[in-house]
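To start, the structure itself, in structure tokens.
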Amino acid sequence: DLSKAMSQAGPSQFQEVIRQELEYSMKVELDKILATAPSNELQHTKKDLEGFKKLFHRFLQEKGPSVDWGKIQRPPEDSIQPYEKIKARGLPDNIASVLNKLVVVKLNGGLGTSMGCKGPKSLIGVRNENTFLDLTVQQIEHLNKTYNTDVPLVLMNSFNTDDDTKKILQKYSLSRVKIYTFNQSRYPRINKETLLPIAKDVSYSGENTECWYPPGHGDIYASFYNSGLLDNLIAEGKEYIFVSNIDNLGATVDLYILNHLMNPPNGKRCEFVMEVTNKTRADVKGGTLTQYENKLRLVEIAQVPKAHVDEFKSVSKFKIFNTNNLWIALSAIKRLQEKNAIDMEIIVNPKTLDGGLNVIQLETAVGAAIKSFENSLGINVPRSRFLPVKTTSDLLLVMSNLYSLNAGSLTMSEKREFPTVPLVKLGSSFTKVQDYLRRFESIPDMLELDHLTVSGDVTFGKNVSLKGTVIIIANHGDRIDIPAGAVLENKIVSGNLRILDH
């Protein structure tokens, strides 16, 4: 009898009783959901719900921030290598044989909703009508043609992106890239109050779309293994994967890093390499590499005790952050997955659904597993390898003449005098891609731009040139049209198109 047990229990026993109750109630609900699965989906759904149950169990066990701040130390000198040192080793003559051991994996589970698009984010046009996916395929095709190799592309899709992506993949059937896909898990969202799933059955279309979510990119290890693709690639002689977000246009295959992995200078191979880069003020929330209990460990802002958040954000104490460009040994993933030994912190992601219901999603991050691998390494890479497109402000940068496009890769234009990227802040009128595109007759010349802020109802004519610091603010109810051919250098444009020197 629960009430009797509670009256006799102390506080910790009381919590244990509650925890067991919650686990039992969750199991009952998941069994009900599983009972609605059609026979062809039964095994798959069972695996997903088993994985979710493990995550939920750990969620109930762990409380509060998951790092002991007193144990965090700076990583030892040799555990984060400068890219220059790795590049200085040069490349061997047999680079093709090294490339043939590589698989490129792109994280393709996300939708373009934050930029007002329906469907997979990877299908948003970023440059000359090319999408993220087009550019990725072009990069790998260029590698395979140049070195006469067979580097395949693997896409980790989610239930949100799988159908649309597969339709698009038909257009690459003649390209010189083998493309494989596998799906990450599908987990039920939990009601924040009751801690029970909001889904009543397995369907995830129509009104049930909001009941399910893909549980973050840390799910790659289990899903890749469960799909059978991991074993197939090992059987083909592949040894490493290079994993990155599909919206990071700087994440191209780097031959120097690959050579360092395959031919380590000390003879001992790394199982896991994380590319990190120097923090700027814009990156203070990014996860950082630390030394923790004699292992390299990724610490995310969500794991930091509140009293230490400012310290975590300090650019002087934690100088680098994780780009999520990762190089991982396939044999190590298989070994750890079979031992159930991949340890990743749980990220609790609260969401409010359209109807106002508060839910939580339990997620994990791919880089958090670094501490489970042997001989891990950080490489401090140039900022150019981190070029994510999360917003239309980012999109404006990559569409502009700041970058030139060559074989699917974007590089900073040689005409720009300094290598830093301008700071661009576009207001809410530009959030959605279609609104953003409507407001630019052509993308302005931004080669000499340092900072751009645009707020309110603003449009740009053709061939506008922006230099130095430009701030354009249309007051509520006003509209500002920047005329074709205008050159704005260190200008503040406000209200009713008054142009002031900045």
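Placement of Cβ uses the backbone N, Cα and C atoms for every residue, glycine included.
Here TrEMBL flags Lys121, Gln184, Gly216, Asp247, Lys390 as UTP binding site. Annotation comment: TrEMBL describes His217 as substrate binding site.
Within the same chain, residues at least 6 positions away in sequence whose Cβ sits under 8 Å from that of Lys390 (UTP binding site) are Ser114, Asp247. If you draw a 10 Å sphere around the CB of Gly216 (UTP binding site), it holds 23 other CB atoms from the protein chains shown. Once the Cα atoms of Lys121, Gln184, Gly216, Asp247, Lys390, the listed binders of UTP, are compared pairwise, the greatest separation found is 21 Å. Under 8 Å, Cβ to Cβ, and six or more positions away along its own chain, Lys121 (UTP binding site) finds Gly110, Leu111, Gly112, Met115, Phe132, Thr161, Ile246, Asp247. Taking a C-beta cut-off of under 8 Å and a sequence gap of six or more, Gln184 (UTP binding site) has these contacts in its own chain: Gly109, Met156, Asn157, Ser158, Pro214, Pro215, His217, Asp219, Ile220, Ser223.
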